[in-house]
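Undergrad: Okay, so Swiss-Prot annotates it like this:
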| type | residues | note |
| --- | --- | --- |
| BINDING | Gly9, Pro10, Ala11, Gly12, Ala13, Gly14, Lys15, Ser16, Thr17 | ATP binding site |
Amino acid sequence: MRVLVAIDGPAGAGKSTIAKLVAKKFNLMYIDTGAMYRAITYLAQNKNITPSNVEGLCNLINSISMYFKDDKIIVNGEDLSEEIRKPNVSSNVSLYASVLEVRTLLVDIQKDLACKYEVVMDGRDIGTVVMPHAPFKFFLTATPEIRADRRYKELKEKSQKVEYKNILEEIIKRDYIDSNRKVSPLKKAKDAIEIDTTNYHIEEVVDKISKLIESTIIKEKGRITK
């Protein structure tokens with residue numbers, strides 16, 4: 001049994017933090033697909049490539065080297081992990097991620113990684129598009145207010161000047177765009193386990209997911225040895 005874990009959910013639901021910890025626990029590769037879209041957004045903005053410039057975006061994606069190392073995203077040899085979390089990227093990433101050609105190119109890369117490695121992958125369309133046959137699918141949720149508060153605290157810890165009100169408005173806007181886009185909209189896979197993280201600590205969610213994965217692996221091993 002290949003261990004492929006899909007973790008989907010809206011911004012601020014705790015996907016990345018939880019996915020990293022689950023990947024570490026099971027010694028799996030962690031793929032932050034959101035970081036990939038953020039990286040493209042960051043690079044496109046720096047080159048003045050708008051979301052409507054499809055050809056420019058495709059040329060950009062095809063011209064770069066992108067990989068993950070120690071939970072960091074490296075693009076053309078440069079660590080962009082901090083740059084892609086800044087407000088100007090966060091407020092525009094959904095617009096770039098909604099471009100069909102952008103999603104097609106990045107989804108192909110993500111699918112290729114899932115074929116080559118056992119992975120924990122988080123995003124918005126992992127269980128529905130990227131890894132529809134993954135044996136482990138989870139959909140994390142939380143109230144917009146809680147998600148905004150988490151993002152606010154995260155950015156404040158990085159000494160970024162942010163306002164809670166602006167973050168909440170941005171999250172509500174992103175929820176709408178992500179859920180209503182024509183290409184790979186944010187939605188729960190039919191066979192995904194939904195976990196509301198509003199009143200749970202990160203460690204509790206990781207423990208819940210880990211136990212579900214472990215129990216399935218044990219059952220599968222028992223079935224094979226019979």
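Including glycine, each Cβ sits where the backbone N, Cα and C put it.
Fair warning: this is a prediction, and the values are worked out from it, not measured in the lab.
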Undergrad: Give the three-state DSSP assignment (helix, strand or coil) for Ala11 (ATP binding site).
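TA: The residue in question, Ala11 (ATP binding site), is coil (DSSP, three-state).
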Undergrad: List, in sequence order, the residues of the same chain other than Gly9, Pro10, Ala11, Gly12, Ala13, Gly14, Lys15, Ser16, Thr17 whose Cβ lies within 8 Å of the centroid of the Cβ atoms of the recorded ATP site.
TA: Ile18, Asp122, Leu140, Ala142, Arg147, Thr197
Undergrad: Using Cβ atoms only, which residues of the same chain lie under 8 Å from Lys15 (ATP binding site) while being at least 6 residues apart in sequence?
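TA: Same-chain residues close to Lys15 (ATP binding site) (Cβ under 8 Å, separated by 6 or more) are Ile7, Asp8, Gly9, Gly34, Asp122, Gly123, Leu140.
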Undergrad: Taking the Cβ of Gly9 (ATP binding site) as the centre, count every other Cβ atom within 10 Å, in any protein chain shown.
TA: 25
